Amino acid sequence: MRAPLCLLLLVAHAVDMLALNRRKKQVGTGLGGNCTGCIICSEENGCSTCQQRLFLFIRREGIRQYGKCLHDCPPGYFGIRGQEVNRCKKCGATCESCFSQDFCIRCKRQFYLYKGKCLPTCPPGTLAHQNTRECQGECELGPWGGWSPCTHNGKTCGSAWGLESRVREAGRAGHEEAATCQVLSESRKCPIQRPCPGERSPGQKKGRKDRRPRKDRKLDRRLDVRPRQPGLQP
């Protein structure tokens with residue numbers, strides 16, 4: 001009877017030791033391994049509760065997730081402090097790093113940072129800095145250029161009125177590290193030389209008769225009467 005009883009006691013002791021070791025793994029005190037900084041930790045899922053002031057970062061790999069306690073959230077995440085646990089949350093899709101969900105610090109490629117937002121292009125009046133990916137400062141606009149030739153449908157003649165325009169470019173548009181600022185332009189109405197060179201004026205048509213008053217035409221005919229030569233019969 002003693003042998004089976006001793007064997008039963010040994011099995012019970014082994015089960016107790018196994019349960020104790022499992023509890024030790026699940027309750028970490030920050031002494032090392034993947035449970036550093038954890039209050040509750042499991043071998044399968046890592047940390048689920050962190051020590052005070054630390055942030056819980058959940059890394060997802062497929063359907064599995066693994067928790068880790070960090071002093072600072074990794075790039076692409078920002079920290080939110082809560083009553084029970086501090087968590088790391090992912091930044092917006094266009095942010096490389098952020099201060100909060102609505103305020104980016106650095107943008108991903110093809111986007112520019114402007115007042116905490118990541119935009120595909122910088123707004124008018126700002127310069128796009130290619131190295132920092134930021135929209136910086138106000139554009140320094142240069143003076144207005146000269147007026148263009150007055151044209152109508154691409155021609156400088158043949159019409160009564162046309163349009164002329166001028167532009168005002170940014171003073172720093174040639175900066176190597178900056179994109180061109182928005183160019184300002186304005187147009188105004190202008191008179192055009194109505195007949196083009198070599199063309200008849202609109203009032204002159206081919207084969208048009210003399211439209212002077214009849215009495216003037218008769219006077220010209222009277223003045224054009226030539227004296228008859230002697231010996232010629234009428």
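Cβ atoms are placed via backbone N, Cα and C, with glycine included.
According to Swiss-Prot, the feature compositional bias 'Basic residues' maps to 203-216.
Positions annotated as compositional bias 'Basic and acidic residues' by Swiss-Prot: 217-227.
For Cys35 (disulfide bond), the number of other Cβ atoms no farther than 10 Å from its own Cβ, over all displayed protein chains, is 23. In the three-state DSSP classification, Cys35 (disulfide bond) falls within a helix. Marked as disulfide bond by Swiss-Prot: Cys35-Cys41 (among others).
Per Swiss-Prot, disulfide bond is recorded for Cys38-Cys47 (among others).
Counted within 10 Å of its Cβ, the other Cβ atoms near Cys69 (disulfide bond) come to 26, all protein chains included. Per Swiss-Prot, disulfide bond is recorded for Cys50-Cys69 (among others).
What Swiss-Prot lists as disulfide bond is Cys73-Cys88 (among others). Around Cys88 (disulfide bond), a 10 Å sphere centred on its CB holds 19 further CB atoms from the protein chains shown.
Listed in sequence order, Gly76, Tyr77, Phe78, Ser97, Cys98, Gln101, Cys104 are the same-chain residues at least 6 apart in sequence whose CB falls under 8 Å from the CB of Cys91 (disulfide bond). Under the heading disulfide bond, Swiss-Prot lists Cys91-Cys98 (among others).
DSSP assigns Cys95 (disulfide bond) to a strand. Cβ contacts within 10 Å of Cys95 (disulfide bond), excluding its own Cβ and spanning all protein chains shown: 25. What Swiss-Prot records for Cys95-Cys104 (among others) is disulfide bond.
Annotation comment: Swiss-Prot describes Cys107-Cys118 (among others) as disulfide bond. Note: Cys107 (disulfide bond) has non-local neighbours Thr94, Cys95, Glu96, Leu113, Cys118, Arg133, i.e. same-chain residues 6+ apart with C-beta under 8 A of its own C-beta. Under DSSP, Cys107 (disulfide bond) is assigned to a strand (E or B) in the three-state scheme.
Secondary structure at Cys122 (disulfide bond), taken from DSSP and collapsed to helix, strand or coil, is coil. Annotation source Swiss-Prot lists disulfide bond at Cys122-Cys135 (among others).
Here Swiss-Prot flags Cys139-Cys181 (among others) as disulfide bond.
In this view, Cys157 (disulfide bond) is surrounded by 15 other Cβ atoms within 10 Å of its Cβ, with every protein chain counted. Annotation comment: Swiss-Prot describes Cys150-Cys157 (among others) as disulfide bond, evidence class sequence analysis.
Applying an 8 A CB threshold to same-chain residues 6+ apart, the list for Cys196 (disulfide bond) reads Lys155, Cys157, Gly158. According to Swiss-Prot, the feature disulfide bond maps to Cys190-Cys196 (among others).
What Swiss-Prot lists as domain 'TSP type-1' is 138-197.
Applying an 8 A CB threshold to same-chain residues 6+ apart, the list for Asn34 (N-linked glycosylation site) reads Cys41, Glu43, Gly46, Cys47, Tyr66, Lys68. The annotation N-linked glycosylation site is assigned in Swiss-Prot to Asn34 on the grounds of sequence analysis.
Marked as region 'Disordered' by Swiss-Prot: 190-234.
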Given the disulfide-bonded residues Cys35, Cys50, Cys190, state which is nearest to Cys88 (disulfide bond) when distance is taken between Cα atoms.
Cys50
Do any of Cys73, Cys122, Cys135, Cys150, Cys190 (disulfide-bonded residues) have a CA within 10 A of Cys38 (disulfide bond), and if so which?
none
By CA-CA distance, flag whichever of Cys35, Cys122, Cys190 among the disulfide-bonded residues is nearest to Cys150 (disulfide bond).
Cys190
To the nearest whole angstrom, what is the C-alpha distance linking Cys73 (disulfide bond) and Cys135 (disulfide bond)?
26
Could you tell me which of these disulfide-bonded residues, Cys47, Cys135, has the greatest number of Cβ atoms within 10 Å of its own Cβ?
Cys47
Near Cys150 (disulfide bond), how many other Cβ atoms are within 10 Å of its Cβ?
19
